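One structure below.
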Amino acid sequence: MRKLRLVRIPRHLIIAASSWLSKIIIAGVQLVSVKFLLEILGEESYAVFTLLTGLLVWFSIADIGIGSSLQNYISELKADRKSYDAYIKAAVHILFASLIILSSTLFFLSDKLSSLYLTSFSDELKNNSGSYFFIASILFIFIGVGSVVYKILFAELLGWKANIINALSYLLGFLDVVAIHYLMPDSSITFALVALYAPVAILPIIYISFRYIYVLKAKVNFNTYKLLLSRSSGFLIFSSLSIIVLQTDYIVMSQKLSAADIIKYTVTMKIFGLMFFIYTAVLQALWPVCAELRVKMQWRKLHRIIFLNIIGGVFFIGLGTLFIYVLKDYIYSIIANGIDYNISGVVFVLLAVYFSIRVWCDTFAMLLQSMNQLKILWLIVPCQALIGGVTQWYFAEHYGIVGILYGLILSFSLTVFWGLPVYYMYKSKRLA
């Protein structure tokens, strides 16, 4: 009698599956909260809230690249069966210093930065913009620093823990928003920011504090700090340039679009972001797997995994776009009933193209980062940022939301779309 064999599911797929659930919860929270926040704040104040939440991505670099540097060291040391406690301890010291320096700097700069960023609103909102900007910045700095927890857990192939913490923090934030909607329906932008994002900032900090106690006895020397920082600088530069590329649309929106168009664009991007979050969850889980396969020189297996993920990602984006377009009236009515979401089919086609390009580009960017090969990114991403900024500014002036998407697609197509895969193949052949 033939024995039945249980199919062994790869660990990165188990982690990716938990990431999908986590990302769905997070994206769902962000979408559902739109309805409550619009009722609490009103259209113009919610547009300000939306632009402020765009700072979350900017302050993701509050970890100054230490998270990615630490993740790669953990993956490499795990492959060689060596301890990495000293690296975690050193990383916490560096991150604490980063938190203090950035928070102090923003205390003095918030008024000036907010006056440049939040220019298209009423005098009442602009008069309070400095405090809104500072509160948002502090919350997002804590979130950026705390994100190192997720890097550690993914490197240890315990990504499911990271996903639970992340999803739980956003669920708690959503419950806070619902509470102020019913208990304090006329709350300010500050209350809304703290309600939604304070749990997201606090939970990872609590976890990393306990983790620090666990590695407290590890011996750290100057070389440990030096090694972490030498790699982190590359990740910091790349992350900063990537953020400029991906967040230029928020800067352009703040200057070129009306409050109504800002809401249309950001809500639509949140809906599509739900799909893309699912793919980025796969990439996040694959990063340590790719790093270990590279150390073990298993290039054929690595290439096969990447090829299948790109094909699956593009197919998923296409299918998801069709689903959203068919049900768009129903979806938008649930998210924010009463807001005019008259969006042309061209926007949906452009979004499908844009996110398919992102699947391709982000996959190769992840591969190069897992190999610590960042020089090409330093060279090519500034060109992308320049092209993206100029084209989005110009096209948004003439075509509004469609113009921003034209600029995004052009910036990727003319630079990283071809540059990253060419460089990856060149480097992988040399290392093989």
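Just so you know, glycine gets a Cβ as well, placed from its N, Cα and C.
Among the features that Swiss-Prot reports, transmembrane segment is placed at 14-34, 47-67, 90-110, 134-154, 164-184, 189-209, 234-254, 271-291, 305-325, 334-354, 376-396, 400-420, with the record citing sequence analysis.
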Intrachain residues whose Cβ lies under 8 Å of the transmembrane segment (134-154), provided they are six or more past its termini: 15, 52-53, 55-56, 58-63, 66-68, 70-71, 74, 88, 91-92, 95-96, 98-99, 102-103, 106-107, 110, 161-162, 165-166, 190, 193-194, 197-198, 200-205, 207-208, 211, 284-285, 287-288
Same-chain residues near the transmembrane segment (47-67), Cβ under 8 Å, at least 6 residues beyond its ends: 37, 41, 91, 94-95, 98-99, 102, 117-118, 121, 125, 129, 132-133, 136-137, 140-145, 147-148, 150-151, 189, 192-193, 197, 228-229, 231-240, 243, 246-247, 250, 253-254, 259-260, 262-263, 266
The transmembrane segment (376-396) vs the transmembrane segment (14-34): 3 or more CB pairs under 8 Å: no
Touch test for the transmembrane segment (164-184) and the transmembrane segment (14-34), at least 3 Cβ pairs under 8 Å: yes
Same-chain residue ranges lying at least 6 outside the transmembrane segment (334-354) that approach it to Cβ under 8 Å: 31-32, 34-35, 38, 43, 260, 263-264, 267-268, 271-272, 317-318, 321, 324-325, 328, 401-402, 405-406, 408-409, 412
Proximity verdict for the transmembrane segment (14-34) and the transmembrane segment (234-254), three or more C-beta pairs under 8 Å: no
Top partner of the transmembrane segment (400-420) among 90-110, 234-254, 271-291 - counted as Cβ pairs under 8 Å: 234-254
